[in-house]
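According to TrEMBL, the features are:
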type: BINDING; residues: A38, V39, S40, D44, I61, G139, D144; note: ATP binding site
type: DOMAIN; residues: 35-196; note: domain 'tRNA(Ile)-lysidine/2-thiocytidine synthase N-terminal'
Amino acid sequence: MSHRFLRRAGAQEIVQKLTAKAILERKLIEEGDRILIAVSGGKDSTVLAWALSSLRPLLKINYDLAGFHISSDFCACCKKSILSQRLEEWGVPFTDLSVPIIGRLKPGRKMNCYWCSTQRRTELLRYAMEHGFNKIALGHHLDDIIETFFMNMADKGTLLAMPMLLRYRKYPVSLIRPLGYVEEQQIIACAEEKEILKAACTCPFGINSKRRDIRKRIADFTNNSSAVKRRIIMALSQGSNDLLAESAGEKGKI
Ligand SMILES: Nc1ncnc2c1ncn2[C@@H]1O[C@H](COP(=O)(O)OP(=O)(O)OP(=O)(O)O)[C@@H](O)[C@H]1O
């Protein structure tokens, strides 16, 4: 896709084009797929639901969509009814499940992002398998992928990013990240245009301090340049060791 096009297009068109590019280039969606979209109520997964729904008539692939939200005992998402209404408008049926995430902690353990994401992953997989979905779509975007890559390198000494397609060996379900080519600022612009931002919900625990720190370092390193970030993504996916391709090694969060 030419950079000149991206400069001229509106935010919604940019999100659609980059999502379609990811879907086609990375074969994220195939004929007959039943896709469960994990919708947190935040801007990323809400934009994802809109993008997958609006691309349906354009991609010439038949696929089913449904939205799935997990309400927790620390955030019962006050904006849930707006979220469900939005999704229904886009032809995406919505289901909400209450999970006692803090309530499941063993005595003496403190709440943390890893625990929450593991509980979500378990519930998403269980629901998908029980209801015949073969794909789970997550709202991670290009900046999330770059941050995760640098965090894995700095904290764990591994070269691992977030794959855009992950087939589970043990389960008949794959994870897909169709916003993997879209920058967060492009998602925010699209959410503003679609008036999604007003209804978006954010985690009351905020982002963890390590992620905040790495985000700042990446902003300094790239000078927040889209071109530099796109080149990093290109570098991550080049050669025989394509870090955006399927990797059974992913233990990261959902
Ligand atoms: N409560 C939830 N219910 C369903 N899916 C969720 C929930 N929380 C997170 N997810 C899924 O996991 C992805 C990553 O979660 P994370 O908490 O990092 O969200 P985020 O970067 O703030 O994105 P968003 O703006 O969509 O919340 C989300 O984009 C969404 O697909």
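Using N, Cα and C of the backbone, Cβ positions are placed for all residues, glycine too.
Any TrEMBL annotation is an automated prediction that lacks curation.
These numbers come from a predicted model, not from an experiment.
Structure with TrEMBL features highlighted.
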| residue | record | Cβ within 10 Å |
| --- | --- | --- |
| A38 | ATP binding site | 23 |
| V39 | ATP binding site | 29 |
| S40 | ATP binding site | 20 |
| D44 | ATP binding site | 23 |
| I61 | ATP binding site | 14 |
| G139 | ATP binding site | 23 |
| D144 | ATP binding site | 20 |
Local confidence of the prediction over the domain 'tRNA(Ile)-lysidine/2-thiocytidine synthase N-terminal' (35-196), expressed as mean pLDDT: 93
Binding-site residues near ligand 1 among A38, D44, I61 (Cβ under 6 Å): A38, D44
For S40 (ATP binding site), the three-state class that DSSP assigns: coil
Secondary structure of G139 (ATP binding site) (DSSP, helix/strand/coil): coil
